[in-house]
Each structure stands twice: as C-alpha cells, then as structure tokens.
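TrEMBL annotations:
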DOMAIN    A:5-252  domain 'Malonate/sodium symporter MadM subunit N-terminal'
TRANSMEM  A:12-31  transmembrane segment
TRANSMEM  A:43-60  transmembrane segment
TRANSMEM  A:72-94  transmembrane segment
TRANSMEM  A:106-131  transmembrane segment
TRANSMEM  A:138-158  transmembrane segment
TRANSMEM  A:164-186  transmembrane segment
TRANSMEM  A:198-217  transmembrane segment
TRANSMEM  A:223-248  transmembrane segment
Amino acid sequence: MYESMMKVITGYGLISGFAVIGLTMWVSYWISDTFTKGRLHGSAIAILLGLALSYVGGAFTGGSKGVVDIPLLSGIGLLGGAMLRDFAIVATAFGVSVDELKRAGYVGVLALFVGVGSSFIAGVGVAMAFGYTDAVSLTTIGAGAVTYIVGPVTGAAIGASSEVMALSIAAGLIKAILVMVMTPFVAPLIGLNNPRSAVIFGGLMGTSSGVAGGLAATDPKLVPYGCLTAAFYTALGCLLGPSLLFLVMRGLVG
Amino acid sequence: MIIYGVAFLALCTLAGLFVGELLGKWMGIPANVGGVGIAMLLLIGLGSYLGKRGLFTGKSEQGVSFWAAIYIPIVVAMAAQQNVYGAISGGPMAILAGTVAVVLGFALVPVLVRIGNREPAAVVPTKEAG
C-alpha cells in the first residue's frame, strides 16, 4: 500500500505540489485569522512556513533545494520552479495601470542603478570588515550581495576562488530570504503601499524571488509593479559586475 | 474560450523571454535581460489593444486571471525550495553582507519615492538619457 501511494505521489508530482501547497495555504490563513486576527497576511505566514520547511529539508537531506530534495515533496519543485513562477508573474501584469507605470518609469530606472550600487557597496564593505583585501574577492562578494546570480557570474568572469563564490551565493540567498521575510513588516514604515513605491522597491531590491515573495506577502496588488523593475536588476548586475564595478574596485584597492 | 487567454499569456511570456535572451546575447552577458518585464509590458499593451477591439473578453480573460490568482501559491512553493540551510551555513560574513544590503535597500525606498514625487513638478527639459 505504501509503495502504491509513493508511486502516485511521485509520479504525479505537480498535482501533489498543488495539494501540499493548498494545504499549507489553508493552515497559514487559519493561523493568520486565529492568532494575528488577519494582521499578518496568510500569504506572509505561508512564505515563512515554506522557508522554515526548506531549512528543515536542507538540514535533513544535505541538498540545496529545500523541501524538493525530499522525494515525497519533489513536485513542489515544478510548481515553484522558474517556469511557472515567471508565467504567473507575467499574468499579474494583467490589469496594471499604465499611467502609474509611466509616472514611475524614470525613477524606476534610477532605482535599478542605485539598488545595484548600494547592495554592491554593502557587500564590499562587509567583506573588507572581514579582512578581504583583493579586488577579485571584494568584487565577487559585493556582486553576491546584489543577487545570488550576479555573484557567481561575476566571480567566474574575473576568476574568483570557489570558496569566495560560495560565500557570494550565500550572501545573495540571505538577501532574497530576508526580503521575503521582512517586507510585510517594513512596508508600513517605508510607505510601500502604492504602485510607485513598489516600482522603486523592485528596482532597489531586485532579487526577483525576494521581491516576488515580499510583495505577495505585503499586498498582491503591488506585485506586478515591483516585479517589472526587478526583472531588469539581475541583468544590470551581470552587466556591471565584471566590468565597471570590478574596474572601480581594482582602481581602489590595486 | 479560456485557452485563448492562457495561450495569449504563454505567447507574451515566450516572446518577452526570447527578446530578453537576445538582448543578453547582444550585450554579451550570461543573463536574460528583463525578459519577464518585457513580457509584462507586452501583455499590458497587447491586452488593452485587443480588449478595446473586443477581441479579448470575459472567458479569455479568465485564462490570464487564473494564473495571476495562482501566483501566491507558486511563490510559496518557490520559498519552500530556497536553499535556506545553505544560506545560513554560509557563515556570519555572508549573513551580514546580505543583511546590510537589504537594510540599505529598505532605507533607500522613501528617499527615491521623494525624488520621484518631485519629478513631475520639474518639467524643465533635461538631457535625454541615452
């Protein structure tokens, strides 16, 4: 009987994913209603639960894909993978106000550059405080603080050690996770409650999974505005990391 | 028909990602340049054009709005497969670097919002970027 059940669950992975995530959503909204009187969104709790479970999954299996490394839950990988994620993000654009986008366009582009720059400086500053002095390592760790894709792309281009690359990926992952976790709590303090601030938020944070999760947990109506600018962030980081930012670092530390 | 909406969404997504890939190749960077963003703009633009001509209505819209509604569960599934364990075992430097970047980002949101608010008032012609 157990064998047959496993066969169905793993063979119909995506369907199992829908069932498991649906159940998680139901539990989360129940927690939200009973313990926080709806003050903390059900979606925020669901994302927190997801992250906590992925920690447990990683700790038990030693894999790098959270709960997906547990065979029983591998279908979640299909459901939350890049393909369906991007498909759903594009769908959220339906019903977006074009006027709001136009009004935020210019400052959105500015936010992208400021976002890549500030994250890079943050990463470089911390790396310096921890005793790194060479331009290659500093640039790679700084790029990792931009996103966990920009880090290894930059590191590979300028010849960083694999240890430094791993650190840069970890820094980017922390960033994505923190954006998901903290955004619903910080949103009221920074005025993140309208399309324009969402466009700016997307450009400043940029980490697409972080922005997607953070805005979903704050207010789903803001998702398309933030994701639209965030879509350009990683590419901008990959463009600037191994070129301009590396040259600046080499000029600064020799 | 609902499938028209789903197919329309699929075509916009594929077209956007394709353009993003081409841009990346053209700029010589190993990343998709704004593919999802371009797809969103396509969906907004084409969607309102078709809507005005009465070609994109009720049932077709449902094909798009279903996927928009399923977005949050997908994001939860995405959260459940982040490498949280790996990130935390990256050690104090990685944690601090990520944290400072996030805190700085949050702090800059109100600053840029203020710049954006001042923007429409200053309609003095400035140099065009690019």
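Each residue, glycine too, has its Cβ placed from N, Cα and C.
Counting Cβ pairs under 8 Å to the transmembrane segment (A:223-248), the stretch among A:72-94, A:106-131, A:138-158, A:164-186 with the most such contacts is A:138-158.
When pLDDT values are averaged over the domain 'Malonate/sodium symporter MadM subunit N-terminal' (A:5-252), the model yields 87.
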